[in-house]
Ligand SMILES: [Zn+2]
């Protein structure tokens, strides 16, 4: 993806000549604005294969093997990993990062891990026994939203806010909508090929000559919230598992227009700074009715188009620009209204819209350069054993959003392995659960696979094997394990799992094993009766605070998903450059 393209280019330009590339994705139009090895004609093809061909044009002598495949497949086993001098990650999800971390540990191959989030980025080197592994420190998980959710099937307020801010606002007042640039580039040449596919832009009429802005606003409301939603609702396939949206009624639009036209005007002809204030909606914590949202929408359209005519076409969302906050609040709430989603106050929208992060190609390029520097040092370490090591020290490097003292990059020495890490230090994992209620199936699926990131766990207590999985199981074994999955832990035959049980969990694909100490307890008041708590796991599986501190866990660049850093609305955004290293040292 975003890092991968930059990385492969920089590797071949730096003289690396034996490279294997793995990527399961195919190229999409929306990748083209930052994944520079790809062109419009490659859309739909394997990223790994096209990237290989493009890199071979840069250095025809390089030996590059491309796999259009998932890194978690069996073909990429520990022996496969052992065949490399180092592994360079440009991944976009935590699950794959954890898997590669384990494979690299099992194969004793150094891993250079990377991630970017907007202007921030991070490169870390993981060397078994020498530096911490990827899972030695807890990783927060950012919230991400697929682009099709934003465009067609929102089910949360944030989806509608992203749509209003990144698609509708730029369409009406800015230059290009986000992601639309690449889309338009070749449109003329291709004569409408791929029509209707992956369309970034919102279809809306242009304002007619001399048309009053409020009337034009009504046209936009009818087209975007009426006609377009009605067309979408008619696509039956899309609504098999969810409620279709309801087009905005013309009554709401008419009521909004009436509010705008009936407003009390000030004595002077100054352009109002805020649409909501001009309409007397002064409580920023209040949520507006659909009619009020329609009114603010129309009012904001009028003020922006007529009062800021010189800036139209160049405007971008700015959370300090009240008109853009008003517009995005009204536009997102109207969309929420159509989709049956709760509305948000302008105060909330301001906070949520201000924290949306987009991939930045330059950050990917800087990070890729740093990855190659670390890779070069790793290879030289193998060749120059007599070196005093000083010049070949691996570094964890941060690309900072707000450079301190003129320094864009901040580096720290990698931390040593965490003795409490169950992945690289074989520390025991403690699980609290209600063993009378928790089934073996839940233990395997939710604790071992999800929370502890095992791929193919086997479960043994004492001399009893309670569970194993894999393609090579006999039919009767499979049936036996399926039956056991439904039993509670305390009810398992042979050696049941209860308070104080030591469960051996082994994963042959990851060459990893863990000892799980089970502590039975009854649920606390208000707690899910089938709760579990794992100590020693990577925190944040169920969400939690966004990934502001550790870009490592993110990797927005590789997907077209939008990464949203959520924080308490109104909380001061932290921007001090020294922050990341300081925080990590404290954590140690
Ligand atoms: Zn570790």
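Yeah, the Cβs are placed from backbone N, Cα and C, and that goes for glycine too.
Binding of ATP is attributed by TrEMBL to 31, 32, 33, 34, 47, 92, 93, 94, 95, 96, 97, and within the candidate set 23, 85 the record adds 23 to that site.
Annotated by TrEMBL as region 'Disordered', the relevant range among 179-208, 209-238, 239-268 is 179-208. Each residue in 105, 132, 134, 135, 417, 418, 423, 425 lies on the same chain as 133, 136, 421, 424 and has a C-beta within 8 Å of the C-beta centroid of that Zn(2+) site, without being one of the site residues. For the domain 'Ubiquitin-activating enzyme SCCH' (317-350), DSSP puts the residue distribution at 23 helix, 0 strand, 11 coil. Secondary structure counts, DSSP: the domain 'Ubiquitin/SUMO-activating enzyme ubiquitin-like' (432-523) has 26 helix, 28 strand, 38 coil. With a cut-off of 8 Å between Cβ atoms, the residues of this chain six or more beyond the domain 'Ubiquitin-activating enzyme SCCH' (317-350) that come close are 154-157, 159-161, 163-166, 168-170, 173, 221, 225, 229, 243, 245-248, 252, 273-277, 284-288, 290, 293-297, 299-301, 303-304, 308, 569-570.
Least packed by the Cβ count within 10 Å, out of the binding-site residues 421, 424, is 421.
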